[in-house]
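Enquirer: What follows is a structure written as structure tokens; I'll ask about it next.
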């Protein structure tokens, strides 16, 4: 390893959503899982490589790099923007590694309260940077423009119909502040103008969702041809410039006249006036001109009467005249721009001669410059020169000077007659003509798009024309397809996890670009997840499926740089005993990674990973260092072949819980899972776990020769010894000490002092001890205490070169370096914003600490300067979301909520209903008051007092639509609404249909009865069955019961009718099956049979249990003599007091269910943190040691708690068990105890 190479961060793997972008400085930004990674361009001149990992806490939906990267301008120096899973848009500064500003314009209230409720996709909010550095973000209904400089945003309703277009991609033009392109799920590409808020072009052609868009400005094809012609003419002039010329008289100033007729001697297509201009006859000049220009002649316009012209003298003369004219300032200048010189009928690609780019807007001509116009005839037009054959597409260059008059645009054949035919113009040398023609090229803005079917299309955004297409032969649709421009002539696309290179050439016959496979670039990788192109260097960044990030040279197809990745939350680090440079990492994303520090260079971060079945919690190297054991989250222990990088086998432990401690000694792998210690014997053909039952509640283990050190869940440190002659048997603990209030987390042995070890736990104390093997004892050397009250140490690591240095990693986000030579000195503290899990000293340089945490992959910190400067703390990374300044809404234009047509219609309908209801209520109220006043006058005619009018306040309250209307009829009882559905209601009848006949259709039924038609009477008049036989009365009850069941009546009526028909059993059995029993059903069940009543009680108890009424259910179980079932029901639903009191009364004193209730009650109190109540119950149950252990769990031991612990220790005679480390003689236990 090069000692000068040091990466501060190890990047994380790419996330599930492929988001990557190339920074303007050549670096790579890509999104990981809840983080962003930046890798700088390959360093040069011995510079340090830069890798930055930034935790976002939430998943990322969109990522884009600002065009202002590296400019600063008083804001972030390296800004980029993301869209979080909570729909917030955040602007980050890569130089600071934190979010700076942002806005939450796309958030709704319920989403802002809890992000976990709604799971957004990448199409929820689309975001891209505009060319001016502002941010455009879009969702289904709104379009938000975020001004980064002022930290304000403006939200408008989108002009893209969400009903017709489901957006999948947005890319703003890097060449225009107002243009952006969006792709839809239907395969449309929309080019939109932000200033005009409309769709400029709508491109059709794709049949699958758009997956990628890329902009590019390229020179127009006709301009390239013109530049080639100008260069050829200049070369021809340089070859003939040495010929002698005759002295020439000073010619008159150059003039610009109107276009001449075809027979005019100054016609631009008449070349006779150019005789001897370059020292050659006319015929020879025509021949050479045709040869040099490929059959297309470039002519120069000449003034009248000048057969030969000395350009040098003309330039000097005109220069003097220009100086004189500027001094006099008499000439009125007319500015001519490129826009004024546009060709009227262009050929080549379907585009303007100009572009709407802001860059071209700034390239307007200035005084004294030379502008070039390109005239091109169509394929049907032809130009005849001196009677020769027609030559199609002849291009002619005109001199356009700034004092020339601007003619109105028209066809090349149309001539406009200005008021002044002649204007004086300055003359410029031929060299200036050629240079100006090269520099004034026209640019076309092309947009390439790719869909899910790998079909690419090129669009000309200047004219809205389709400019090219390739056809895919693949039938597989992919969502990871993407496209970039590598340069002006090469496009690179991603599909099927492969890169494809396409050459782009303009075809003049088809007036389109031809897309074909490019053979000069190649890439043979087939595991690419995402990529980004650095167009300035023509290099490609690749994010691969094997969790490596690399930069590839497309010309050679080889990886120039590659970087391994590690996910957040590395839970274990273990260096190989034979090769300390090889470090194994237990990752939280089902991987085991290997970091080979010896191969670390400026262009290589060597990390290889292997996929395993679950998250890895602990690691252990085999004695021969060829295999690695790992414990996982789901209770399995795997064995990995390091050389082949493959998992050999998976061993299942007795529990499906995390394996949080692992040791490999000889042929045995020891593990702890779910407070159980066991081991695997690898010599057996069928490997099964063996449980060690003599060790209770272990939390961590360490083996030293024949001694087993065990840290328990109660904070005790125990030592066990292997029985003589037995490899699998361990004696009960020989020695134990109470060190912590809670579980032991780590036991670390010093590599330079074989008997020194440190013990840490879920507490703020660290004990450094010395083991005495001959005496089977230990003694405390030092005790380090963290200054944080609620500290908890997750792991420790000793130095390999200095035996007095110890590293501890804390759950509150600290890494402390302790010095055993100066135990009273405060440690060097490295502060982070997340819990820290593990770490170590870098084997090659112990001035560098390598650590990992919950929101940290692997970070390397150099502490050399801090140690030399005697610093107390280092803060390498702060909370990235701590100092975000959220934007406010812009007040330039008020915001009105955007409603769709359906929502507006629904709102108007609700308003009409509310208004109509209000009118009815007011009318009823007025009518009621009139009736009351009339009644009062009638009852008391002598009272002449007028009724009071309605107060104005009451009328205004009635008009308020915001207030909830409390409409209740006069006959309505408010107490009835408060009653539960099962409460008794006063009912006047159970024959509702018969009552209806009497009240509403008595006359009609009477008419039927008077017809004396018995069949019609029996069919239509129910009340007639009351005056008939018993059979007819039963039919009446059956009809009424059917009606009651259909109407779901819950009163006593169905039971009352069933009692008379002797069908109560059927009624109750039906209610049991439907789980709709009530107490009245249970009360009536004994009238049928005792067995049915028992069934009803059990069914009703089960029904109440399902509804959550545990007390009701237990009561009915007790009534059936099912005491054990009722107590278990109380216990299962955490009714511990009720369960215990009934168990004391109903069960024998020796019943194990009583002890089960007490134990479950204690575990519940421990889980809720009520240690005082747990200790009280333990003392009452005569479990003094357990009560003492509960009081020790208090982190802040007050004098009151300490006094209670002393009393429990005294009463329970626990001095021999809880003696700590003070006695010199060990205290024995079990069969080896001394009496």
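For all residues, glycine too, the Cβ spot is worked out from N, Cα and C.
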Enquirer: For the annotation region 'Disordered' in Swiss-Prot, which listed range does it cover: 190-226, 227-263, 264-300?
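Expert: Matching range for region 'Disordered': 227-263.
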Enquirer: According to Swiss-Prot, one residue in 137, 357, 795 is annotated as phosphoserine; name it.
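Expert: Checking Swiss-Prot against 137, 357, 795, the phosphoserine entry points to 357.
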Enquirer: Can you say which of 433-437, 438-442, 443-447, 448-452 is given as motif 'LXXLL motif' in Swiss-Prot?
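Expert: Matching range for motif 'LXXLL motif': 443-447.
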Enquirer: In terms of Cβ proximity under 8 Å, which residues at least six beyond the ends of the repeat 'WD 3' (475-512) contact it?
Expert: 18, 208, 211-216, 218-219, 221, 347-350, 448-454, 456, 458, 466-468, 518, 520-523, 525-533, 535, 538, 540, 542, 545, 554
Enquirer: Please figure out which one of 55-102, 611-650, 788-828 racks up the most CB pairs under 8 Å against the repeat 'WD 7' (739-779).
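Expert: The stretch I would name here is 788-828.
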Enquirer: Roughly where does the motif 'LXXLL motif' (443-447) sit in mean pLDDT, to the nearest integer?
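Expert: Computed over the motif 'LXXLL motif' (443-447), the mean pLDDT is 92 on the 0 to 100 scale.
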Enquirer: DSSP says what for the repeat 'WD 3' (475-512): how many helix, strand, coil residues?
Expert: 0 helix, 21 strand, 17 coil
Enquirer: I'd like the per-state residue tally for the repeat 'WD 5' (611-650) from DSSP, helix first, then strand, then coil.
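Expert: Helix/strand/coil tally for the repeat 'WD 5' (611-650): 0 helix, 24 strand, 16 coil.
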